[in-house]
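Note sheet for the following structure.
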Amino acid sequence: MLQVILNIRLDHKTSDVKTMESSHERMEAIVAELESSGTVMEKVPIRTCNRIEYYLSVQEIPPGFEFDGFTVEGDEDALRHILRLASGLESMIIGEDQILGQIKAARVQALREGTCGPVLDMVFTKAVHVGQTVRRKTQINRGSVSIGSAAVDLAESIHGDLKCRKVLAIGAGKMGTLVARALAEKHLSAIMVANRTYERAYQLACELGGDAIHFDRLNRALRDADVVISATGSPHYILTRERVRDAIPPERRSAVVMVDIANPRDIEESVRELGIRLFTIDDLRGVAEENRRRREAEAREAERIVEGELKLLLRSLKHMEVEPLLAEVRGNMESLRRREAERALNKIMNSSDPEGVIEALSRSIVDKIFHDIAISIRQAAERGDEEFLSMCAKLFNCKDLK
């Protein structure tokens, strides 16, 4: 490829949530360093609760460039990864749908910011298409498959049936909505939804038949909750050790389960010191493995689809590489045609032999096109360039000289 497609990433397969939190700025610094070298043509970042990724289209990778321990893949491997990612095959919860929306959003945002050009636009558009195809042709996303549903399953594995428990969901964004829907599938009667924007909390609570909580009354809701699942987009802790200590009486703390699926994390790790049972995305791996086993057959079919679509994408990208050359060749031919046509039209108006003018026109066009071709072929023969001569024979559908 004339441009190298590069994927730099850190995800749940290689890192825990704490490492991902602390590595975001390092990855951005690496991308910025690459950009400063003038080699980056396009870029699209993807950040979710369990991955940080950059897709780059670069002219070259500077010799000796260090990627500081991040996973780095190029060209075919990078393209395979984005297609697998969109299909739900790279997710912690195999088959989850949220990643497809996140890839769509990443493309739209990069287009808006002017960092996604024709190469990555083609790649991301194809990825979305493949993700949709996999979900249409397989049952990989059948049932409740999301980080949100896994968090609810984890809480249920500890507390048992949640129908007799009070559950507090913090966050009403995309991830919080997934949590809420997973709770709704359990037909729970005591669901509380808290969000900084009360209107959004109220809207989601109405859908669930639960109660919306003003954020300034979060401590009161914490006091009554048996299960807390937090999934906001806040850059800072929502539940600090001090807040939890003040909100939950000591005698209740050992019975409270908190699941933090945000990145950056919403709940300060030191709340464990209070006796609270705190779980993070890292603790969902057991749930994820069970989900993986259940979906093995569907995953194999999805992988077959991905490999077929990857071949088509590679071919399309190769076609894209030569489009400027084809456009220039066609432009040169068109300029020649116009010049010769104009000359012929001027002659034909004053000629008693229009057929002769047309004959001369066609011969002139052929001679001018053939002139440069003939020079190149003769020069190749002089230097013994058999590969070039063979290529010309194929290009003009002629017999090889051999």
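The backbone N, Cα and C atoms fix where each Cβ goes, and this holds for glycine too.
Note that this is a predicted model, so its numbers are computed, not measured.
Quick look at what Swiss-Prot annotates:
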BINDING   Thr48, Cys49, Asn50, Arg51, Ser91, Glu96, Asp97, Gln98, Gln102  substrate binding site
ACT_SITE  Cys49  active site, nucleophile
SITE      His81  site 'Important for activity'
BINDING   Gly171, Ala172, Gly173, Lys174, Met175, Gly176  NADP(+) binding site
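Annotated features, which come from Swiss-Prot, shown on the structure.
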{"residue": "Thr48", "record": "substrate binding site", "Cβ contacts under 8 Å, 6 or more apart": "Gln98, Ile99, Gln102, Asn263"}
{"residue": "Asn50", "record": "substrate binding site", "Cβ contacts under 8 Å, 6 or more apart": "Asp11, His12, Val17, Met20, Met92, Ile147, Asn263, Ile281"}
{"residue": "Ser91", "record": "substrate binding site", "Cβ contacts under 8 Å, 6 or more apart": "Leu85, Ile99"}
{"residue": "Ala172", "record": "NADP(+) binding site", "Cβ contacts under 8 Å, 6 or more apart": "Ala180, Val193, Asn195, Thr197, Arg200, Ala201, Gln203, Leu204"}
{"residue": "Gly173", "record": "NADP(+) binding site", "Cβ contacts under 8 Å, 6 or more apart": "Asn195, Arg200, Ala231, Thr232, Gly233"}
{"residue": "Lys174", "record": "NADP(+) binding site", "Cβ contacts under 8 Å, 6 or more apart": "Gln98, Gly101"}
{"residue": "Met175", "record": "NADP(+) binding site", "Cβ contacts under 8 Å, 6 or more apart": "Cys49, Gln98, Ile147, Gly148, Ala231, Gly233, Ile261, Ala262"}
{"residue": "Gly176", "record": "NADP(+) binding site", "Cβ contacts under 8 Å, 6 or more apart": "Gly148, Ala169, Ile170, Val193, Asn195, Leu204, Ala231, Thr232"}
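Of all Cβ atoms in the shown protein chains, 17 besides its own fall within 10 Å of the Cβ of Asp97 (substrate binding site).
Listed in chain order, the residues near the substrate site other than Thr48, Cys49, Asn50, Arg51, Ser91, Glu96, Asp97, Gln98, Gln102 are Met92, Ile93, Ile99, Ser146, Ile147, each with its Cβ within 8 Å of the site Cβ centroid. Residue density at His81 (site 'Important for activity'): 21 other Cβ atoms are found within 10 A of its Cβ, drawing on all protein chains shown. In this structure the alpha carbons, written CA, of Asp97 (substrate binding site) and His81 (site 'Important for activity') are 16 Å apart.
Rounded to a whole value, the Cα-Cα separation of Gly171 (NADP(+) binding site) and His81 (site 'Important for activity') is 30 Å. Within 8 Å of the Cβ centroid of the NADP(+) site, not counting the listed residues Gly171, Ala172, Gly173, Lys174, Met175, Gly176, the chain contributes Thr177, Leu178, Val179, Asn195, Ala231, Thr232, Gly233. Gly171 (NADP(+) binding site): 29 other CB atoms within 10 A of its CB, across all protein chains. For the recorded positions given as Cys49, Gln102, the lowest number of other CB atoms within 10 Å of the residue's CB is seen at Gln102. DSSP classifies Asp97 (substrate binding site) as coil under the three-state reduction.
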